[in-house]
Amino acid sequence: MKFEDLLLEIGGFGRFQILILFILCLPRINLPMHFLLHNFLAATPSHHCAIPQQDAFLNLTTEEVLLINIPRDPDGTFRSCEMFSQPQFQLLLNSSLQPANSSIIQHCQHGWVYDHSQFTSTIATQWDLVCEQRGLNQATATFFFIGVTMGAVVFGYLSDRFGRKAMLLLSLVCSVIFGMLSATSISYSMLAITRTLTGVALSGVSLIVLPLGMEWVDIQHRTFSGILTSIFWSIGNMLLATVAYLVREWHWLLVAVTAPCLLSIVCLWWVPESARWLIANGKVKQAHRHLIRCARMNGRKDFTISPERFSSFHLSQALRRMATDKKPGGSYSYISLFRTPVLRKISLCSGAVWFGVAFSYYGMSMNLSGFGLNMYLSQFVFGVIEIPAKMIMYILVNRFGRQQSQAWTLILTGLCIGANVIIPKSFTSLRSVVAITGKGFSEAAFTTVYLYTSELYPTVLRQNGMGYTSFVARLGGALAPLVFLLDEVWRSLPEVTYCCVAVCCGSAAFLLPETLNMRLPEGIEDLE
């Protein structure tokens with residue numbers, strides 16, 4: 001007997017499943033508010049070198065003070081990281097004549113002055129993470145995703161070993177603790193450590209929410225459930241733009257995006273453990289109790305007493321037969337993903353796809369200022385465009401299958417990124433349209449890969465598989481912000497890198513098996 005047969009008896013998509021999915025969508029909203037927080041937390045406003053001895057220039061305007069102390073680029077803008085060693089008063093007579101002697105130009109000696117019109121404070125202004133320290137500013141996102149990467153390994157194993165719900169609760173509690181500690185950081189080192197630990201904790205939320213919901217839903221509604229859950233990520237995207245617009249001080253911004261985890265912790269009380277996991281681990285009595293509750297909420301009250309349907313006794317016996325055919329969850333590990341031929345191929349190819357999806361998605365999401373729109377508007381529009389992309393994917397993955405949808409959405413993401421390398425900067429509107437289209441494809445690829453991966457792995461290894469692929473994805477997410485530093489080598493090198501990786505990794509999806517309308521595999525033998 002398969003678990004799907006039991007779902008048909010108790011209701012595979014009723015009030016019980018809707019309640020679970022709604023509650024699990026709450027922490028899903030919170031994820032992008034942290035995963036994309038770097039855009040606002042580490043934003044670098046306009047700045048220039050601090051000019052000493054301001055009293056000597058009381059008769060000059062602000063523009064004139066800058067003119068004689070700060071060198072300018074060919075386009076007329078003042079440089080952010082350099083200043084004259086001595087005031088160049090001759091520039092007041094002819095500002096177009098920039099000094100030819102480069103020896104009088106030096107790096108900032110007295111700190112920086114920042115434009116606070118858009119941000120009250122960010123970590124860049126707090127600790128002067130600009131110019132030579134620019135790498136540390138970008139590394140803040142990398143530290144966070146390193147934490148997410150480590151958390152994927154930890155929670156992937158623990159949720160298969162100790163259960164989905166317990167580990168989800170643990171990850172939410174830790175997210176609140178480390179998120180609030182981040183907001184109280186008194187040094188860059190403290191912030192880097194607490195953001196890394198926040199990433200570890202939130203990785204559990206990211207990893208467990210979708211499979212926990214999917215394991216309670218029947219085959220017919222599996223795609224709908226996956227798409228519905230992912231739409232709340234987009235809502236979180238839009239909420240991040242709104243919260244960041246209202247809260248311009250980085251300490252309080254961290255508090256604002258962390259606090260909603262408390263609501264998720266409270267609501268998790270009504271979410272049951274995965275019956276699939278309980279059965280796979282021989283916990284028949286608990287699975288029986290949750291299945292009876294599911295049947296009653298879904299209006300199948302005769303389920304336990306009707307002789308022609310499963311009785312409580314028959315149900316318990318059926319569950320025990322299912323459990324005896326399965327190895328205890330603790331007997332499996334990440335090594336099991338590579339022991340058999342089919343699983344090995346799935347693991348290698350899905351890992352490549354996840355890397356490409358995350359690398360290109362965060363590459364686009366963390367470049368809000370590169371498409372000619374206000375950064376708050378860009379964040380909001382990127383969230384809005386994701387919703388129709390997800391709805392279109394609901395149709396495509398059911399009509400053309402998971403494999404083709406996964407491959408082409410990721411390849412087209414790369415092509416859109418590559419197109420903006422060719423389109424001149426002066427074509428602002430066209431670049432914005434191409435970028436938004438690419439963002440739609442990128443989100444479609446992300447939506448598909450979550451659904452696709454949860455269907456590829458058997459129940460006894462599903463969280464291990466999700467943990468492994470999430471680990472690879474977070475490597476992509478950790479590297480994505482650092483790639484922006486390549487613009488010092490060639491201005492378009494970051495975009496070319498994102499493009500090539502997306503196209504190559506998208507092609508790997510063609511090697512994965514199709515899972516459309518297939519039963520979720522319970523054991524490794526179901527795949528092999």
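Positions of Cβ are set from backbone N, Cα and C atoms, glycine also.
Sequence annotations record features per position, and here TrEMBL assigns domain 'Major facilitator superfamily (MFS) profile' to 87-516.
Remote same-chain partners of the transmembrane segment (139-159), defined as residues 6 or more beyond its termini with a Cβ less than 8 Å from a stretch Cβ, comprise 34-35, 38, 41-42, 123, 129, 167-168, 171, 191-192, 195-204, 206-208, 333-334, 362, 366, 463-468, 470-471, 473-475, 477-482. Per TrEMBL, the feature transmembrane segment maps to 139-159 (among others).
What TrEMBL lists as transmembrane segment is 166-186 (among others). Here the transmembrane segment (166-186) has Cβ contacts under 8 Å with residues 27, 30, 34, 151, 155, 158-159, 194-195, 197-198, 200-205, 208-209, 212, 251-252, 254-255, 257-258, 261-262, 264-265, 268, 271, 273 of the same chain, all six or more residues outside its ends.
According to TrEMBL, the transmembrane segment annotation covers 192-212 (among others). Sequence-distant contacts of the transmembrane segment (192-212), counting only residues of its own chain at least 6 positions beyond either end whose CB sits under 8 Å from a CB of the stretch, comprise 20, 24, 27-28, 30-31, 34-35, 139-140, 143-152, 154-156, 159, 164-165, 167-168, 170-172, 174-175, 177-179, 181-182, 185, 226, 229-230, 271, 274, 450-451, 454, 462-463, 466-467, 470, 474.
The transmembrane segment annotation in TrEMBL covers 224-246 (among others).
Here TrEMBL flags 252-271 (among others) as transmembrane segment.
According to TrEMBL, the transmembrane segment annotation covers 346-364 (among others).
Within the same chain, residues 32, 36, 39, 223-224, 227, 230-231, 233-238, 240-242, 244-245, 364-365, 368-369, 405, 409, 436, 439-441, 443-444, 447-448 sit at least 6 positions outside the transmembrane segment (376-396) and bring their C-beta atoms closer than 8 Å to a C-beta of that stretch. If you look up TrEMBL, you'll see 376-396 (among others) marked as transmembrane segment.
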Please report, as numbers and ranges, the same-chain residues at least 6 past the borders of the transmembrane segment (224-246) whose CB is under 8 Å from any CB of it.
13, 17, 21, 24-26, 28-33, 36-37, 39-40, 209-210, 213-214, 217, 253, 256-257, 376-377, 379-380, 382-384, 386-387, 390-391, 393-394, 443, 446-447, 450-451, 454
With Cβ-Cβ distances below 8 Å as the criterion, list the same-chain residues six or more beyond the ends of the transmembrane segment (252-271) that contact it, or say none.
19-20, 23-24, 26-27, 29-30, 33-34, 37, 40-41, 165, 168-169, 172-173, 175-176, 179-180, 182-183, 212, 240, 243-244
For the domain 'Major facilitator superfamily (MFS) profile' (87-516), report the average pLDDT of the model, please.
86
